[in-house]
Amino acid sequence: MDLEIFDDTNSVPAEKIQLVKDVLEFSGKYLELPEDTEMSVTLMNNEQIHEINLKYRGVDKATDVISFAIEEDDPDELPIILPDDVDFEEPKNIGDMMISMDKVKEQAEYLGHSEDRELGFLTVHGFLHLNGYDHMKAEDEKVMFKLQRDILDAYGLKR
């Protein structure tokens with residue numbers, strides 16, 4: 001996977017950033033995504049994610065993770081036309097994810113598990129949203145949460 005990870009807090013330890021990268025690469029392989037799949041992750045604080053949550057979702061509070069999936073087949077987007085002899089496939093950018101590192105700490109403490117487990121959980125949760133999974137309906141929630149648990153267990157971040 002082609003990952004861009006940004007630390008907007010300027011304080012996330014390198015090993016936490018590496019954990020996000022490793023979990024995403026593992027998750028991408030688990031879902032059998034193409035190697036050239038692209039996405040970005042921004043690690044931020046509660047104040048920063050609160051602003052984004054309010055601006056884009058109309059929710060006036062901090063949250064733990066927000067995912068913005070890139071919609072495929074945008075009818076307003078013009079196709080790229082290449083000569084017939086050029087073999088080119090554009091990498092698939094699945095979108096952007098934001099994680100509140102403050103929420104990672106708060107929720108790990110509240111749930112009684114490690115910050116690594118919480119960070120891994122939020123990373124997989126947001127990643128699945130970017131890949132079209134959601135939990136708006138009970139049946140969809142069942143599918144998403146099972147897959148989430150399976151990925152985390154296979155990676156070794158069990159509860």
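Heads up, residue numbers simply count up from 1 along the chain you see.
Cβ coordinates come from backbone N, Cα and C, glycine included.
Counted within 10 Å of its Cβ, the other Cβ atoms near H125 (Zn(2+) binding site) come to 21, all protein chains included. The annotation Zn(2+) binding site is assigned in Swiss-Prot to H125, H129, H135.
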TODO: Note the Cβ centroid of H125, H129, H135, the recorded Zn(2+) site, then list each other residue of that chain whose Cβ lies within 8 Å of it, in sequence.
DONE: V65, S67, G126, L128, Y133, D134, M144, Q148
Task: Entry from the binding-site residues list H129, H135 having the most other CB atoms no farther than 10 A - done: H129
